[in-house]
Amino acid sequence: MKIAILSRDGTLYSCKRLREAAMRRGHLVEILDPLSCYMNINPAASSIHYKGRRLPHFDAVIPRIGSAITFYGTAALRQFELLGSYPLNESVAITRARDKLRSLQLLARQGIDLPITGIAHSPDDTSDLIKMVGGAPLVVKLVEGTQGIGVVLAETRQAAESVIDAFRGLNAHILVQEYIAEAKGCDIRCLVVGNEVVAAIERCAKAGDFRSNLHRGGVASIATITPRERDIAIKAAQTLGLDVAGVDILRAARGPLVMEVNASPGLEGIEKTTGVDIAGRMIQWIERHATPEFCLKIGG
């Protein structure tokens, strides 16, 4: 097959691993910067061009689209879909997952357990928002934040009010969430491919922090997950329409809670920790599902 990887930086670990895994299985691979793609939207002859040339047909496309370029990145991916390329994750699913409010609403509707969460736009009634999620301590986040950026633990009501008031000055969308103390600064990242959790790690925050993101200095170790955690991770990914997802779970006293579903999970931390060839599993999924029948369906 001919496979395109949509990424702004082909030197990143995940891109290199996906390219290596695909080539090892005999596929042709090209890495394309989605922001350098431009599209001819034409009922007679739509096409995608890249750096002065019209791109050939690709059997499959692997989107590695950062949150900062979600709008144009998913537009480019959608054009590939309309031209009959199989997407490892569909553009509509990525857009759905990147919208934190929408994704939480969909997960809640499906009965998936979540931390108690409130979302507001520059709320005037700060005290009621805090009360709504059970009071302090609580976590305050910018809805648009990623990798632990724009996330604050407010341990008292006064601190929570101060943080929310500060965020209000940014004219931003604010997410307020109960703090799960028993998780002790750790979460479980489940890597879902299709209907299977292919690997799982526990990520724990560095001393003095509560954010477990590896980009923020968190430490990873192999996790043994329960059947319930496995099922909730798969259900969360499927609810958002994702074939590949990183599902972050908090271990609360009342059971596993889904904190976030990542549509473009990094592979470095979880592959190096577990030794699982996740990139290879993703390519195998493409091989099983990038059929002519599917491509004709999505292209239409």
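Please read every residue number as a count from 1 along the shown chain.
Backbone N, Cα and C atoms are what each Cβ position is placed from, and that goes for glycine too.
In Swiss-Prot this protein carries:
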type: DOMAIN; residues: 104-287; note: domain 'ATP-grasp'
type: BINDING; residues: K141, E178, Y179, D187, R211, S212, N213; note: ATP binding site
type: BINDING; residues: D248, E260; note: Mn(2+) 1 binding site
type: BINDING; residues: D248, E260; note: Mg(2+) 1 binding site
type: BINDING; residues: E260, N262; note: Mg(2+) 2 binding site
type: BINDING; residues: E260, N262; note: Mn(2+) 2 binding site
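Across the domain 'ATP-grasp' (104-287), the model assigns an average pLDDT of 89. DSSP assigns Y179 (ATP binding site) to coil in the three-state reduction, placing it in neither a helix nor a strand. All protein chains considered, the CB of N262 (Mg(2+) 2 binding site) has 20 other CB atoms within 10 Å. Listed in sequence order, D187, I188, R189, C190, V258, M259, E260, V261, N262 are the same-chain residues six or more apart from D248 (Mn(2+) 1 binding site) with CB atoms under 8 A from its CB. By a simple count of nearby Cβ atoms, those within 10 Å, the most crowded of the binding-site residues E178, D187, E260 is D187. Around Y179 (ATP binding site), taking its Cβ as the centre, 18 other Cβ atoms fall within 10 Å, counting all chains. In this view, K141 (ATP binding site) is surrounded by 23 other Cβ atoms within 10 Å of its Cβ, with every protein chain counted. DSSP assigns E260 (Mn(2+) 1 binding site) to a strand segment in the three-state reduction.
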